[in-house]
Amino acid sequence: MKNNILFVREHKFLSWDVSYQAMHDFTENRHNYTPDEIWLLEHPSIFTTGQSLIKEKNFKNIKNIPVTQSDRGGKITYHGPGQQIVYFLLNLKRINLNIRQLVSLLENTIISTLLYFDIKSVSKINAPGVYIKKKKICSIGLKIRKGYSMHGLSLNVKMDLSPFSFINPCGYNGLKMTQISDFNNTVTMQDIQPILIRNFLSLAKLCYKKTYWLPFER
């Protein structure tokens with residue numbers, strides 16, 4: 001790797017708009033020697049729509065929760081307090097991954113992380129994300145720009161799931177959602193974060209010389 005440093009940044013209750021702009025600014029300004037970053041965030045309540053959502057559905061607000069257009073893949077999903085957002089800002093060429101491999105890597109990272117807390121989960125063919133039986137616990141949406149990944153995943157930890165009932169999550173009619181607290185009520189996002197990062201690096205076989213945990217900066 002030309003630059004074998006990874007920055008992991010954490011911020012609680014950062015608005016989606018601010019993180020979206022920061023992610024784009026970071027990607028536009030980075031170059032081959034820019035270290036990769038992983039952002040661990042939590043957003044106030046918001047629905048986001050992806051590029052594959054039918055364009056005729058021009059949402060404004062749903063049950064007084066704002067709806068905004070994103071440039072990630074996928075359809076519509078909900079973000080809110082108690083959900084772990086993880087953005088992966090990676091140089092895919094440098095780490096030798098394509099988008100399908102990255103999706104699979106993220107799914108396996110979550111499956112391994114949940115198993116650490118004695119929660120069994122699976123991925124599904126042609127339905128990106130992680131599931132426990134027929135319910136979804138983790139959604140994945142990515143964008144690749146100039147060989148760099150943007151966006152990432154959302155893992156339901158301990159949150160109000162009712163806003164998901166106002167939509168067809170990820171475009172699937174009747175899909176039910178679940179969360180970690182349904183199986184283990186003591187697990188916090190602070191418990192999950194180091195395990196998730198460790199599993200991601202192990203499964204990806206990435207040998208970053210240094211991993212720095214830093215506060216989020218705009």
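Counting starts with 1 at the first residue shown.
Including glycine, each Cβ sits where the backbone N, Cα and C put it.
According to TrEMBL, the features are:
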type     : residues                                                                   : note
ACT_SITE : C170                                                                       : active site, acyl-thioester intermediate
BINDING  : R72, G73, G74, K75, I76, T77, Y78, H79, S139, I140, G141, G152, L153, S154 : substrate binding site
DOMAIN   : 32-208                                                                     : domain 'BPL/LPL catalytic'
SITE     : K136                                                                       : site 'Lowers pKa of active site Cys'
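A simple Cβ count within 10 Å picks out one of the recorded positions R72, K136 as the most packed, and that one is K136.
Under the DSSP three-state reduction, C170 (active site, acyl-thioester intermediate) is assigned to helix. Sequence-distant neighbours of Y78 (substrate binding site) (same chain, 6+ residues apart, CB-CB distance under 8 A): S45, I46, F47, I65, P163, F164, I167, P169.
Classification of G141 (substrate binding site) by DSSP places it within a strand.
Spread of the substrate binding residues is 15 Å (greatest Cα-Cα distance among R72, G73, G74, K75, I76, T77, Y78, H79, S139, I140, G141, G152, L153, S154). On the backbone, the CA of the residue listed as 'active site, acyl-thioester intermediate' and the CA of I76 (substrate binding site) stand 5 Å apart. Here the CA atom of R72 (substrate binding site) lies 19 Å from the CA atom of K136 (site 'Lowers pKa of active site Cys'). R72 (substrate binding site) falls outside any helix or strand according to DSSP and counts as coil. For the domain 'BPL/LPL catalytic' (32-208), the model's pLDDT averages out at 92.
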